[in-house]
Structures are given as structure tokens and as C-alpha cells.
Amino acid sequence: MPEPQEGETFAFQAEIAQLMSLIINTFYSNKEIFLRELISNSSDALDKIRYESLTDPSKLESGKELFIKIIPNKEAGTLTLIDTGIGMTKADLVNNLGTIAKSGTKAFMEALQAGADISMIGQFGVGFYSAYLVADKVVVTSKNNDDEQYVWESSAGGSFTVRPDSGEPLGRGTKIVLHIKEDQLEYLEESKIKQIVNKHSQFIGYPIKLLVEKEREKEVSDDEAEEEKKEEKEEKKDDEPKLEDAEDDEDKKDKKKKTVKVKYTEDEELNKTKPIWTRNADDISQEEYGEFYKSLTNDWEDHLAVKHFSVEGQLDFRALLFVPRRMPFDLFENKKKKNNIKLYVRRVFIMDNCEELIPDYLNFIKGVVDSEDLPLNISREMLQQNKILKVIRKNLVKKCLELFEELAEDKETYKKFYDQFSKNLKLGVHEDSQNRQKLADLLRFNTSASGDEYCSLNDYVGRMKENQTQIYFITGESIDQVKNSAFVERVKKRGFEVIYMTEPIDEYVIQQLKEYKGKQLVSVTKEGLELPEDEAEKKKREEDKAKFENLCKVMKSVLESKVEKVMVSNRLVDSPCCIVTSQYGWSANMERIMKAQALRDSSAMGYMAGKKHLEINPDHAIIETLRQRAEADKNDKAVKDLVILLFETALLSSGFSLDEPGTHASRIYRMIKLGLGIDEDEPMTTEESSSGAAAAAPASGDAPPLVDDSEDLSHMEEVD
């Protein structure tokens with residue numbers, strides 16, 4: 001046996017070292033998932049070499065047979081997994097097994113510490129490290145076509161070594177040797193390995209072979225029998241001596257021939273099940289679908305729903321699609337590999353990251369598509385232009401929407417689905433004009449009439465009042481915020497239902513979804529809100545417009561370019577005023593969302609931010625008193641300051657942010673001082689403030705007038 005060559009030692013990246021420490025030092029009951037993860041990694045490696053060989057058959061010259069082999073060795077206490085996949089170069093071993101953390105490493109540790117199941121490990125891309133659940137030392141030997149054979153080795157002590165391997169050549173692929181912990185030796189038992197493979201990996205697309213020990217009867221002569229017995233005795237040492245002696249006595253009586261039991265090893269294939277998607281859907285149980293789903297996705301939970309169908313005619317393909325129970329942690333990451341649908345051609349795996357197969361908004365759907373018509377050696381470039389693929393994609397979208405409609409028939413199941421994937425449906429409304437109305441049917445919202453229950457747009461339309469022609473909605477940060485908003489006061493008081501849209505993506509939905517079933521969607525936060533009115537209400541509104549026309553002009557002259565116009569409102573009940581935006585600009589909520597974008601286009605803020613309109617409530621005491629003050633003296637500086645204060649407060653209550661919050665705060669503090677009767681022109685010492693506070697307060701409970709009696713000046717700073 002050749003001497004092992006000297007290797008290089010590397011430290012594990014900090015997050016990986018933490019993860020390994022967590023795996024090793026925490027008790028987990030379902031350690032068996034380590035085998036599922038290693039088999040899944042082997043399957044991925046085999047997929048890669050098979051895909052490369054479609055365009056370059058010479059890639060398989062280093063080993064044509066594609067398989068996974070498991071070898072338990074009780075004497076040595078090791079479990080070995082061998083695959084003939086693509087293998088790893090030295091750089092792959094160093095980077096992938098220790099020095100570069102996957103994006104999921106930290107997320108998985110956080111999930112674990114929050115009480116998540118260890119079996120989630122594969123979903124976070126760190127399944128290899130689950131080997132340390134049962135092993136105290138792992139040795140990985142790997143050979144890639146582009147490099148020499150290397151060995152990676154670690155006992156998880158914070159570092160690993162990589163060295164060239166001059167041992168038995170693999171040809172191509174990877175061999176993982178797990179040195180099993182003393183308390184985990186059950187994983188070397190044939191029955192245990194078979195049980196785990198059957199449970200987790202029976203639908204892997206490559207043969208999984210287990211090296212098993214068997215016995216057979218063999219007829220031998222006396223001399224050969226003696227030789228066999230001697231060998232057995234040496235192997236068993238002194239176990240069962242009396243039984244051996246008795247058998248020896250019997251052997252001596254047989255003078256010519258003897259039948260003996262001979263032990264031998266052979267490979268036994270553990271996954272002979274034919275691909276589940278090629279079978280008739282009526283013959284497949286929910287348990288079988290569940291096992292296949294878990295094998296396909298490494299999910300630890302059952303799927304929520306499944307759609308199994310075939311299309312025949314001009315185009316032949318079969319598909320099996322699953323909806324998971326929960327959203328993946330990295331569902332909307334830009335650099336996330338789209339690998340949820342595996343593409344097969346005539347049962348041969350082609351690729352698992354075919355972006356042309358399904359639109360982005362359905363990227364949570366997992367499954368298999370098997371085409372009879374695509375060429376086996378199709379390249380990525382050809383796929384982009386392929387008409388067959390476009391037809392397959394159209395059918396997949398159609399079947400997914402059918403599946404969601406079926407889910408919607410059961411309220412509870414649909415709520416589970418919607419809580420996880422509502423953003424995807426809304427993204428679909430924004431992106432998929434062809435299926436926009438079908439997707440709109442699937443949307444659910446809270447409304448002013450639905451309480452805690454979700455409500456569909458169809459339900460809303462069904463409850464609309466006879467004289468109601470529009471669908472009213474409001475966007476905002478939270479249910480509590482929009483529920484108590486000034487904008488919904490009049491609409492709710494008149495008995496009209498308002499839809500509450502509180503997710504940032506809702507703003508994008510309504511940019512595309514202008515109407516539903518012939519009813520226009522109208523934001524109660526924008527100008528142009530028209531509520532059905534009778535003649536008396538119309539008459540009162542005209543009178544209010546005339547009565548407050550002068551105040552509107554005064555307020556506009558004070559606020560200048562801060563608002564486009566000031567007008568009498570038909571939407572307010574309890575609030576004195578509010579800020580609405582122009583029909584085609586951003587709402588306050590959209591402006592907030594855009595300001596939060598790290599890579600936003602600042603120039604867009606100027607022309608997309610909606611023009612602000614200040615609406616005043618003619619029935620509110622503050623507005624009526626302000627009108628009287630303005631009528632008495634339109635140059636009253638107190639009126640000017642109060643208008644600015646009202647405007648800034650309305651900005652905040654309407655969902656906008658202040659450009660100068662410091663100035664607004666100073667203005668509020670001055671109002672508080674006025675309310676407490678403190679003369680801000682006189683500086684106060686601490687002693688004076690403590691002894692004279694009571695004397696400074698006015699005798700009556702009323703706050704002092706804003707304008708000083710001796711001077712026609714406001715104590716509040718005049719703001720240009």
C-alpha cells in the first residue's frame with residue numbers, strides 16, 4: 001500500500017465550523033437523514049456528468065456505468081458510499097467542503113436554534129455535514145476528469161486536510177468513507193440501510209447498490225470441506241466451539257461428498273421502482289406521491305397538493321407537479337438557482353435549472369417534466385428558442401392554476417397555501433397578462449367587512465351595494481394602520497366595504513389590475529374618489545365648496561408648492577384634513593416603499609411621487625375656526641403657522657414622511673410651551689423651572705391664545 005502523501009490543512013469557514021459543532025454536540029433523534037443527504041448529493045453529481053456527456057460523450061470514457069454503491073464494513077466500523085458522478089477537483093474539495101459557506105449555512109443554523117428539524121438540512125445546501133451525525137471522521141476521495149485524484153479528510157476539529165491520492169484509482173467519481181461512532185453502529189446493518197433507502201431514496205434515478213453478504217450451499221469433497229471448516233474456525237475464532245466440534249464429527253462420517261454453506265458478497269439493487277410519473281395516476285397512492293416528493297426535494301414535510309397529468313397529441317409529455325407546505329427561505333433571492341422542476345427526455349434526466357420551463361412567479365412549484373419530443377442532446381441555447389418548450393410551459397402554467405383553483409375549494413387548505421405563496425400569485429398578476437384575471441380570482445384580502453377572514457374579489461363584488469359602481473381599496477403598512485386611516489372614514493360610514501392591502505407587492509398588483517369583473521378598482525387615498533350621493537348631499541357639498549373657498553386659497557398661498565391644490569373633502573368624518581395624491585402618481589405607501597429601495601433611481605422620485613392635494617373637512621371644528629380666523633384677517637400669522645402644522649400632521653397621518661422632522665418637532669414643542677404658559681423668550685434656570693412651574697400655568701384650564709394680546713405676532717416661528 002503506497003504511503004499517504006503530505007497534504008495541506010485548511011480551517012473551516014467560521015459559520016461551517018459552528019454548524020458542525022451544532023451537529024456534533026446536539027442530540028438529534030432522526031440521524032438517519034445523513035444517508036438521504038449523501039445519496040442525494042451523489043445523484044446530483046451523476047446528473048451533472050450525464051448532462052455533460054450528452055454534448056461530449058468522451059466525458060464518460062472514464063467510467064460508462066452510472067451508479068451509487070453503499071458498502072458497510074462492520075469489522076472496520078466504516079460505511080462507504082461510492083458514486084461514478086462528475087467528481088470534485090482539488091479546488092472543489094477545498095471550497096465546497098469547508099472554506100466557502102453556502103448562503104443557507106447561517107439561515108439553517110438560525111432555523112435549528114429556533115427549534116427546526118435537522119432533516120431540513122438538505123434544503124439549505126449543507127447536507128454533506130449531516131455525515132457527522134453518525135461519524136466522527138469522514139474521508140472523501142474524489143476524481144474529476146479535469147484533475148488528479150485527491151483525498152479530503154476531517155474529524156471535525158475545526159480543520160480539514162486535502163492531499164493527492166496515490167491509492168486505488170476511482171476512474172471518475174467520489175468515495176465517501178464514514179468512520180461510524182461507536183453508538184451508531186446500527187447504520188452498518190443491511191436491514192437498517194435498506195429501510196432508510198426505501199424510505200427516503202427509492203425514487204433516485206440511478207441504481208443504488210448495496211454490498212450484501214449472502215450464503216449458498218456448495219457441494220465439496222471431504223478435503224475441501226475440511227479446508228472450508230478450518231477457514232470458518234479461523235474467522236469465527238472460538239465462537240460456538242461445541243457446535244463446530246459436533247459438525248466436525250458428522251463431517252468425518254461422510255466419506256465422499258459434503259454440502260456446506262459458503263458466504264459470499266454481491267451487489268443488490270435497492271431502488272428498482274420504475275419512475276412514478278410514467279405510471280397511471282389512479283394506481284399511485286398518496287403515500288407513494290409523498291415518498292417521491294420527499295426524495296425529489298429533500299423536504300422533511302409532506303407536500304400540500306399534487307397534480308399528475310399527461311398531454312398527448314401534437315406534443316407528448318408527462319408531468320408531476322407538487323406544491324410544498326411552506327415557502328423556501330430563499331424563494332425570492334435573485335441569484336437563487338431555479339432547480340425545482342427536473343426536465344427529462346424519454347426518462348433521461350437533462351437538467352434541473354431550466355428557467356424557460358416555468359415562469360418566475362411559479363418558482364415554488366416542484367416536480368418532474370418528461371418529454372417525448374425534445375432531442376436528447378438539447379443545449380441551453382436551443383432550449384431558449386425551442387417551440388416545444390414554450391408549449392410545455394403554457395400547459396404547466398394552466399395546470400398550476402387549475403391546481404390552485406382546486407385548493408381554493410377548501411378554505412382551510414387554501415389559507416395554508418395563501419399564507420405561504422400569496423406573493424407569488426401577486427407577482428403573477430403583475431407579470432402574466434394572459435392569466436391575470438384567473439390569478440385575480442385567487443387573490444385574498446382582509447376587508448372592512450370580513451374581520452379576520454380572507455375575502456376574494458369575487459366575494460367583495462357579490463356584497464357590493466346596489467348603487468356602488470367601484471371597488472374601494474386602501475394600501476398601507478399594516479391592517480391596524482389602514483383600518484384607522486382618515487381615508488376610510490366616510491366610505492365605511494356610508495356602508496361601503498374597503499379592501500385592505502398591506503403587502504408592499506400589492507402596490508404593484510394594482511398598477512396592473514385596473515378592474516375586476518367590469519368594476520374599476522379605486523384607491524381611497526387618491527384624488528377623484530366619488531361616492532354615490534343623493535341630491536341633498538350634492539347640494540351641501542356645493543355649499544361647503546363656496547363657504548370654504550377663501551380658506552382653501554389662504555392655505556394654498558401658505559403652503560405654496562408643497563401642495564398642488566387645497567380642496568373641500570367628501571371622504572373625511574373625524575379628521576380635520578388629509579393628504580391625497582394625484583390619480584397617476586405614487587401613493588404615500590408606494591413612496592415609502594420606493595424610498596426604502598437601496599438601489600432606487602433617485603431621479604424617479606421627482607416625477608413619480610404623486611402630486612399632493614390637501615383635503616379639508618368642512619364639518620370639523622378646527623377647520624371651521626380656522627376659516628373664521630382667516631375671514632377676519634387673512635394675514636394672521638397664527639393662521640399661517642397652524643396651516644403648516646395641520647399640513648405636516650396630515651402628511652404623517654396620511655402615511656408620508658416629513659422632509660424636515662426636526663422643524664416639525666420644534667413646532668410641536670413650542671405648542672406645548674404655549675399650552676403650559678411658558679414664555680420661551682425668557683431663559684429659565686433649573687431652580688426657576690422647578691419653583692415657578694405652578695405659577696407659570698394659567699389660572700383657568702384653557703390654553704392661552706396662540707397670538708399674544710399685546711402684539712399681533714405668533715410665538716411660533718414663521719416658516720417659509
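Cβ from N, Cα, C; glycine included.
Marked as ATP binding site by Swiss-Prot: Asn41, Asp83, Lys102, Phe128, Arg380. Around the Cβ of Phe128 (ATP binding site), a 10 Å sphere holds 22 further Cβ atoms from the protein chains shown.
Feature annotation from Swiss-Prot assigns compositional bias 'Basic and acidic residues' to 227-244.
Residues or ranges marked as compositional bias 'Low complexity' by Swiss-Prot: 689-705.
Look at Swiss-Prot and you will find 217-258 (among others) tagged as region 'Disordered'.
Swiss-Prot lists 681-720 (among others) with the feature region 'Disordered'.
Annotated motif 'TPR repeat-binding' per Swiss-Prot: 716-720, in sequence order.
Sequence-distant neighbours of Asn41 (ATP binding site): residues of the same chain at least 6 apart with a C-beta under 8 Å from its C-beta are Gly127, Phe128. DSSP assigns Asn41 (ATP binding site) to a helix.
In sequence order, Ser42, Ser43, Ala45, Leu46, Phe67, Ile68, Lys69, Gly173, Thr174, Tyr206 are the residues near Asp83 (ATP binding site), counting only same-chain partners six or more apart with C-beta under 8 A.
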